[in-house]
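Written out below as structure tokens is the structure these notes cover.
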Amino acid sequence: MENFVKPQFFSFLREEAAAAVQRYSPHHKFMAHSGFGNQFAESTSSSADDVQDPEVSDSESSVVGSVHEERSSGLMRIDEGDKIYGIISNKFLSGLGCFGLSTEITAIHKETCSSFIKQAKLQSFLIFSKAVEKKCGGNANVKYAWFGASKDEINNIFSHGFSHSSNNGAYSQAICISPDDNSHDCLQAAVPDKNGVRHLLLCRVILGKTEVVHPGSGQCHPSSEEYDTGVDNLSSPRKYIVWSTHMNSYVFPEFMVSFRVSSHAKESQRNAVPVQNPKSPWITFPALISALSKFLPPQTVKLITKYHNDHKGRKITRRDLIQQVRKLAGDELLTAIIKSCKNKQQSKGSTGNSSSTSSINFEQRDGRCCACQKSC
């Protein structure tokens with residue numbers, strides 16, 4: 001009997017969780033390392049006491065913290081004049097890149113944790129955060145990240161949590177969420193509702209110690225006890241990878257941003273001036289795949305070929321194709337192959353003109369490696 005956990009231990013956990021929830025408010029402070037910095041924390045200092053009792057009346061809730069609570073969904077609509085609204089909307093729009101100018105935010109909602117079940121989910125997240133913090137020597141590496149889905153799926157996530165249907169195809173045993181400065185990568189998954197409104201979740205995620213996980217690798221858990229989650233790139237990740245076994249413990253959906261992307265944004269993409277052959281080094285995709293087959297495992301080359309075929313079949317965008325190739329092959333190998341191709345072209349006096357095949361080249365801009373290409 002002495003080997004069983006003593007009842008006092010569970011009492012301790014309950015007390016710790018209750019204390020954590022007591023500190024939590026609808027305007028919870030963004031942690032300094034989350035990417036939003038102290039700006040959000042400063043904006044919440046005046047509303048730190050706005051914790052609402054589930055039994056508070058609707059008339060009372062309508063004036064607390066400039067927020068209107070929607071009882072049916074358990075979400076609060078944040079007023080546009082609230083400083084938190086401005087911080088989140090600016091972060092969201094700046095992460096959209098060129099689409100930011102053509103995007104209109106219609107609403108931002110906040111999870112209230114008004115039910116006992118949702119309070120328990122928050123307690124679980126906080127307990128796991130504390131555990132990972134101790135495991136990692138004092139830093140749980142908690143970040144904010146975006147997740148795109150349909151409105152129905154987002155409603156299910158708020159009600160029941162993430163499910164296997166939320167999984168990304170390239171990481172079948174995990175969910176993928178994008179860093180807080182990269183909302184653009186979630187647009188494709190944000191399916192418009194019947195009113196043409198799209199929705200993204202802004203979640204808190206416990207990353208702990210991360211490792212690189214390649215798409216299509218079939219990995220379904222950390223490679224060792226040393227790691228907690230995965231990323232596509234250690235130095236500048238565009239995806240956080242949380243294993244399905246931990247997705248409802250390490251990810252807490254906190255905000256929902258609803259928005260519209262104007263039709264002229266897509267129209268401008270279609271009517272853009274045709275892209276000319278890039279002046280920097282480039283290579284056709286068939287030639288690239290052939291070159292990569294000399295260095296990468298057959299399974300990886302097969303996956304790259306599949307992505308290329310998906311792009312030709314208009315199943316994925318060109319941006320998605322290039323991102324997947326970079327993740328699978330790595331920028332170092334790609335750069336070496338492209339430069340080698342350029343040297344061969346110059347030695348043969350080639351102009352590098354090939355209008356009928358797709359091509360890829362990389363240029364360094366604003367500290368990021370981006371892809372410029374011809375039309376397929």
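Glycine is treated like the rest: Cβ placed from N, Cα and C.
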Checking 41-64, 209-232, 305-328 against TrEMBL, the stretch recorded as region 'Disordered' is 41-64
The mean pLDDT across the domain 'PARP catalytic' (58-280) is 84
Residues in the domain 'RST' (276-347) per DSSP class, helix first, strand next, coil last, are 52 helix, 2 strand, 18 coil
